[in-house]
Amino acid sequence: MAEAFFAQAAPSAGGAPLDQLAVLAAVYWGGSAAVIATCVRYRRGKARPLRVAGRVVGRLFGLPGWSALPVAIATVGLLAAMWGGMWDIGYHIDQGRDTGPLGNPAHYPMLFGIFAAFAAGVLALGTADQRDRGPAWVLAGGGRRGPLGGALLAAAMLFALAALSLDDVWHRIYGQDVTLWSPTHFVFLFFGVLSVVGMLVLVQEGAEARAKRASAGVAGRDESRAVAPTLAGARRWARWFGAAQRATLLGGLLCGLELFLAEYDYGVPLYRQVWQPLVLALAAAFVLVAARAWVGRGAALGAATAYVAVRGSASLFAGAMGVHTPTLPLFFAEALAVEVVGSLLLSRRAVPAPTRTVGFGAVAGVVSAAAGFAAGYGWSRVAMPLPWTTALLPEGFLLALLGGCAGGVLGALFAASLRGALPRPALARAGFAGAAALAVGACVAASLRTVPDAVARVELRPVAGSSGEAYVVARLSPAAIAAQPNWLYVLAWQGRRDRVVAPMARAADGSYRSTSPVPLAGTWKAALRLNAGRVRGAVPLRLPADAGLDGSRRSLPVSFTRSQLERAMRDAAGAALPAAPVFTRAFVGDEWIFLREARGVPPWLWQAGLATVLGAWAAMALALALSLGRLGRRFEARGGMSSGARPAGRGQLRHAAAQAT
């Protein structure tokens, strides 16, 4: 195992070169020391540039500098990380493996963005004005306290930085994961989402501090000008600007959650299609219900608009960097549904009362899921590489409704936590537990799958004058296996240019023909892919020899059964599979084709590694739930919500007034 751990290939099928990891460690440790030193200087009354920056940004956003400046820095960092992430996914789909974290240009904006967001969280803790201390603030060293949002942001990005090393260890032991849904990649995505949650909490804490200062007629040391507009009577502008700021951040949160489905946006999913409507419904309901319940009327539509702007820019950036431009789902139908439900159920209220939180979330989530499924079905036929078909309707629609209900309840509870207006503990716990169980159950159902018990007789018909392109004609046995497929298409990838998705059209004689030619030469990999209900698998059409894997000088048999291919690839994962003119091959699990770099390790080692990753994930998720619960009951500790600590925003001001009376 030590030999595998220290192996360094270029491009490696295992971990990254150790010298690159050493450079990253030096930069991150040095940068962290510099940020902490700056915070120490700030506490001593120095660090004038930081004070000026906090004053300017605080005036711009109408928040204290300790809230506004970290949020601005984290926003820039996470935008860079998202742009780099979309570029990186496309890079691996089009190009293949890289030579390490510093050998792939797409990694640089990601590495910068993660550290910038971490530094932002540390700055929020280190520069917080102690006169703004709230009941949910946490210990920040030296007897001082800092905002909970800053702690969440710093902790999330610290875990993400640690996951860089964990990801490399994972690859050295288990091999490369050519999928977005691997355990360590999930850590990146999860903590990226959690960082936006921290930013939202930080904005709310800053708004409450600003309101407390304004009501007391006291300005902060570095943000006096930020409070002046409110004192001068420009409260309406402050409310609208604050609402727009919150809706934009929630749109960013939706971007982070949708990133879990990036494989579907590129047309290379390694999981069943039912996952797509499920995750879309869960993410949309969570974010959009939270927007409506926290910010007020119009916020759901505002968040959906911000999502399109941010996520669309990431897609365009990836295309500009020379990789395939991914598509993106839209959430306007879900947002409109949430707004309509809010108007009907909440009457004149801008936000739900504590006793209506769970009910509003459940109803709005289900309605948004139904509207989103219908709109998504139509949008997929126009814009998605793998359009939805009627085969998705029974299971996919039901899972979308379950996901929407769960996401809506969780989103409503999240909003209530931000407002400091959680329902009574028994109802809040029951709502959270029920929604979490519903989401987990839906995910378990989506995970069920079987490998097609079928074979394909394939004929490759070369395109005259092309360099290795051919139409694929396949006859499946049994034919009923593809009678109503979710997808049946040929995918070609890692050919040093845009991946190719060629749907298979049924001919009169019962065979299937690709609607466009497929490249079958050079570095191209190609496979015929099938998903029909819970049946999912693929037939490899061509795999080039891989010098970074064992057995690269061998060749796999032209025709084979499933057991023959699995045995051959287990012994020689890097062997070439030729694209013969005619052959008969069995369907196998997609992982045998797309995860050929995976190494054979003892089952206990895999389980131990998976448990470690999931343990870190579960620990942070539990910490998040406890933190939000503490945040949601911060006003109860004071005997009710005081007018000086009212949440900002028109709807929240009304709710605070009701609480105060």
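Note that Cβ sites are derived from N, Cα and C of the backbone, with glycine treated the same way.
Residues annotated as transmembrane segment in TrEMBL: 21-42 (among others). Taking Cβ pairs closer than 8 Å, the transmembrane segment (21-42) reaches residues 50-51, 100-102, 111, 115, 118-119, 122-123, 125-127, 161, 164-165, 168 in its own chain, all 6 or more past its ends.
The transmembrane segment annotation in TrEMBL covers 63-86 (among others).
Marked as transmembrane segment by TrEMBL: 106-127 (among others). Within the same chain, residues 24, 27-28, 31-32, 35-36, 38-40, 42-43, 50, 54, 65-67, 69-71, 73-74, 76-85, 87-88, 90-91, 98, 140-141, 146-147, 149-158, 160-161, 164, 195, 198, 202, 321 sit at least 6 positions outside the transmembrane segment (106-127) and bring their C-beta atoms closer than 8 Å to a C-beta of that stretch.
Through the fold, the transmembrane segment (148-166) approaches residues 21, 24, 28, 66-67, 70, 74, 101, 114-115, 117-118, 120-125, 128, 134, 136-138, 140, 184, 187-188, 191-192, 194-195, 197-205, 612-613, 616, 620, 623-624, 627, 630-631 of its own chain, all at least 6 residues removed from its boundaries and within a Cβ separation under 8 Å. According to TrEMBL, the transmembrane segment annotation covers 148-166 (among others).
Long-range contacts of the transmembrane segment (186-203) within its own chain (CB-CB distance under 8 A, at least 6 residues past either end) are made by residues 63, 67, 70-71, 74-75, 78, 81, 117, 121, 124, 147-157, 159-160, 163, 166-167, 180, 245-246, 249-250, 252-253, 256-257, 259-260, 414, 418, 613, 616-617, 620-621, 624, 628, 631. Feature annotation from TrEMBL assigns transmembrane segment to 186-203 (among others).
Taking Cβ pairs closer than 8 Å, the transmembrane segment (243-262) reaches residues 61, 71, 75, 78, 82, 85-86, 89, 180-181, 189, 192-193, 196-197, 199-200, 203, 275-276, 279-280, 282-284, 286-288, 290-291, 294-296, 298-299, 302-311, 314, 326, 328-329, 331, 649-650 in its own chain, all 6 or more past its ends. What TrEMBL records for 243-262 (among others) is transmembrane segment.
Here TrEMBL flags 274-294 (among others) as transmembrane segment.
The transmembrane segment annotation in TrEMBL covers 358-377 (among others).
Among the features that TrEMBL reports, transmembrane segment is placed at 397-418 (among others). Residues of the same chain lying 6 or more positions beyond the ends of the transmembrane segment (397-418) and with a Cβ under 8 Å from any Cβ of it are 197, 200-201, 204, 274, 277-294, 351-352, 354, 357-358, 360-370, 372-373, 428, 431-432, 434-436, 438-439, 441-442, 445-446, 628-629, 631-632, 647.
Summarising the annotation, TrEMBL assigns transmembrane segment to 430-448 (among others). Proximity of distant same-chain residues to the transmembrane segment (430-448), defined by a Cβ-Cβ separation under 8 Å and at least 6 residues beyond the stretch ends, is recorded for 271-272, 274-275, 278, 282, 357-358, 361, 395, 399, 402-403, 405-407, 409-410, 412-413, 423, 534, 625.
Using a Cβ-Cβ cut-off under 8 Å and counting only residues 6 or more beyond its ends in the same chain, the transmembrane segment (604-628) has close neighbours at 136, 148, 151-152, 155-156, 159, 166, 170, 173-174, 183-184, 186-187, 190-191, 194, 197, 201, 413-414, 417, 432. According to TrEMBL, the transmembrane segment annotation covers 604-628 (among others).
Feature annotation from TrEMBL assigns region 'Disordered' to 639-661.
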Contacting positions for the transmembrane segment (358-377) when only residues 6+ beyond its ends and CB under 8 Å are counted: 277, 280-281, 284-285, 288-289, 292-293, 329-338, 340-342, 345-346, 352, 388, 392, 396-397, 400-401, 403-413, 423, 427-428, 430-431, 435
For the transmembrane segment (63-86), sequence-distant contacts whose Cβ falls under 8 Å of one of its Cβ atoms, 6 or more beyond its ends: 50-51, 53-55, 57, 106-117, 119-121, 123-124, 127-129, 132, 147, 149-150, 153, 192, 195-196, 199, 202-203, 205-207, 209-210, 220, 222-223, 226, 249, 252, 255-256, 259, 262, 310-311, 313-315, 317-318, 326
